[in-house]
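**Student:** The following feature annotations were taken from TrEMBL:
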DOMAIN    27-79  domain 'Trichome birefringence-like N-terminal'
DOMAIN    80-345  domain 'Trichome birefringence-like C-terminal'
SIGNAL    1-23  signal peptide
Amino acid sequence: MGPFAFATSLFLFLIEICQQVDGIASKCDIYKGKWVFDASYPLYNSSNCPFIHQEFNCQNNGRPDRLYQNFRWQPTSCNLPRFNGKDFLRKFRGKRIMFVGDSLGLNQWQSLTCLLHTATPQDPYISQRVAAISTFSFPTYGVSIMFLRNAFLVDIVNEKDRRVLKLNSIGNGRIWKGYDVLIFDTWHWWLLTGRKQPWDYVQDNNITRKDMNRTVAYKKALRTWARWVNLNVDPAKTKVFFQGVSPDHVDSRDWADPTAKTCRGETWPILSTEYPGGSPSPQDVLKRVLRSVSKKIHLLDITGLSQLRKDGHPSAFGYGGHRGNDCTHWCLPGVPDTWNELLFATLIQT
């Protein structure tokens, strides 16, 4: 195929995809639906993605069941386009995408790099970490996917031998500038206490406290982030997403199962469209803050659909092995692959 014919074919394909996704957006909410069994899933095999972090590589860690990999998200009133890594790389040729957040952002970043690598295994890739930024790039396409670990989004500053979480300071935002796509997340680290807590004091404006209500602190930090977006983002150049709160499954009362305790041993999703435990309050806080932002922000509203996947966590097959029970992160392949299908569908639409 000559270069003109290839360009024409690609152009027509993109028009078709754009029309398909635009139709989706006008007809239904892609975040409302249910999980259905699909033998054509997963989208890749973990053995073909050698850089998956140990804590997400459940099959390599000995998880005996595989059925959790064979479910596809089915919106109620439309179909979600299947993720196509080659099309993604062609569409975003020369672009830079950055994930900013905690280990749930890392989970999604790793999923996306696996989806893209396994779609083009013959193409070279470069994986490196410089300071706090991990970069996975595809030189053939000039596409770079970055991850910056910043669990609170706002700053933690060392002052007089104490670590201060500053709810109104976001100096790290200088690193986020100049990217084509930004995907943020935060929540889970706000709950940590004791030695796992990475700060000693929290500062709100000029008041420094030993602690405060964590949900209130989370909301104040989100407002600081929202002000940064309003001041620094040009929507014509940068698309901004916020990953909804990723749910954990540490208490089976949330999904109304008296025979279970946590996600450990769960091998089957909830096949209804609604989660018995309802929406988590941090997600409601996030939605209210996002509505206050004057710039266009896309909520990657993965909370409800992920709540239905009590079977998708590493549990005893994560980093801690059988002594651990990870009901927070997600196995790969798994649920975060669907997050990226939703991300791609929204990116194409916009």
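Any Cβ shown, glycine's included, is placed from N, Cα and C.
Are these features on the surface or tucked inside, and what touches them?
**Tutor:** Each residue in the domain 'Trichome birefringence-like N-terminal' (27-79) has a pLDDT score, and their mean in this model is 95.
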**Student:** Could you count the residues of the domain 'Trichome birefringence-like N-terminal' (27-79) that DSSP puts in helix, in strand and in coil?
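**Tutor:** Per-class counts: 10 helix, 10 strand, 33 coil.
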